[in-house]
Structure formats: structure tokens, C-alpha cells
Amino acid sequence: MASIVSCFSKFCLTLFLLVLFHGSTNAKLSTNFYSKSCPNLLPIVKFIVHSAIMKEARMGASLLRLFFHDCFVNGCDGSVLLDDTSSFIGEKNAAPNRNSARGFNVVDDIKSAVEIVCPGVFSCADILALSARDSVTICSWTFPPGLGRFIRGTYNWTSKVYNIQGTDIQREQHRLFICSNKAKKLSEGNWIR
């Protein structure tokens, strides 16, 4: 059990550092971005995340992983939440996320609850960041994410989404995956095994 907690802590720290140093935005992120426009945002997110984790303990890790998948592809922009349309292939159902990324229903519940209290004010990308933060807080420790992200509205699906490691990767595929990430300045030491 201690090794699982240690591994989870290392994963959380790695994710936090990746997000901190990898973010590609010119926006000034702030922990109090919604303090005037939607002061109830943080308690609503925390309540729904806490409820989801109490129903299913794995949901905390799932929400953190969902945030990681969002940040890894094209920065923390909420694009992992995008569904397919007739003219657009969404990131949510991309091969590495299909049957792997979980927690979309919790994020949808948060969005619905916040929309009632603060219609049209919040960013889905920030909801995702807050749900990851609260998952980590509820399960272990805390970090303060900067808020103020906005979905870009588009992304380059073919060149980005295949950089995410799916659940069915084999040893040789893993080695190739690590090698391909050298261009991103990520070494094997950056990945939790």
C-alpha cells in the first residue's frame, strides 16, 4: 500500500511540474480568477468531486489523469472534453482516450451545477484543472492551479493526440514512446512506471 501511495505521489508531482513548465499560454493565470464573477465556483467543484470520489474511490485518480491527458496534447485548454461532430473529430474519443480516460461524467455534473449559479462565466478548462486539484487534495495533498484558461476552439488532432500513451502499450511500444518524447525534452525518468 505504501508503494502505491509513493507511486501516486510521484505521479502527482511529475504531473504538477509538467503542467507548471509545459503550459503554453500568454494569459495571466490566477488562483482567484473567479473570486468576483463566480465566488461559489470552488466550493461547487469541491463538493461534486468529493461526492464522486466517495461513490468510487478510483475517480480521484481518473480526474487527475483526465487533466494530464488534456495538458499533454496541446496545453491545458479543455480540448479533451470535446466530442465528435459531423465535421470535427473530438479528442474525447481519440484512440488513446477511448476506454481509458474517465471522469467525463463528473466534469459534466460540475459544469451543469456551475452553469446554474454562474451562467456563461466559467471555463471548462478551469473546471478540469479544479477537479484535478480537488481530487489530489481529497486523496492526498494540494496544489494551487492558476485559473483563466479558455478553449482554443480547434487543435491539430493528428499530430498531437497520438503522443498520449494508451493503456494497451507493450514494452517495445513503450521504448519507442519514450524515445519519441526526447523531442519534447522528456526523458524516461519523467515517466512513472
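Each Cβ is built from the backbone N, Cα and C atoms, and glycine gets one as well.
Marked as signal peptide by TrEMBL: 1-27.
If you look up TrEMBL, you'll see 28-161 marked as domain 'Plant heme peroxidase family profile'. Residue counts for the domain 'Plant heme peroxidase family profile' (28-161) under DSSP, helix first, then strand, then coil, are 69 helix, 4 strand, 61 coil.
The Cβ of Cys118 (disulfide bond) lies under 8 Å from the Cβ of Tyr34, Ser37, Cys38, Asn40, Leu41, each on the same chain and at least six residues away in sequence. The disulfide bond annotation in TrEMBL covers Cys38-Cys118 (among others).
All chains included, 20 other C-beta atoms sit within 10 angstroms of the C-beta of Arg65 (site 'Transition state stabilizer'). If you look up TrEMBL, you'll see Arg65 marked as site 'Transition state stabilizer'.
Under the heading active site, proton acceptor, TrEMBL lists His69.
Under the heading Ca(2+) binding site, TrEMBL lists Asp70, Val73, Gly75, Asp77, Ser79, Glu91.
Annotated disulfide bond per TrEMBL: Cys71-Cys76 (among others), in sequence order.
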Rounded mean pLDDT for the residues that make up the domain 'Plant heme peroxidase family profile' (28-161):
86
Measuring Cα to Cα, how many Å separate Asp77 (Ca(2+) binding site) from Cys71 (disulfide bond)?
7
How long is the line from the C-alpha of Arg65 (site 'Transition state stabilizer') to the C-alpha of Glu91 (Ca(2+) binding site), rounded to the nearest angstrom?
14
Students should find that the Cα atoms of Cys76 (disulfide bond) and His69 (active site, proton acceptor) sit apart, in Å rounded to an integer, by 9
Cα-Cα separation of Ser79 (Ca(2+) binding site) and Cys71 (disulfide bond), in Å?
9
Surrounding CB atoms that lie within 10 Å of the CB of Asp77 (Ca(2+) binding site), all protein chains:
25
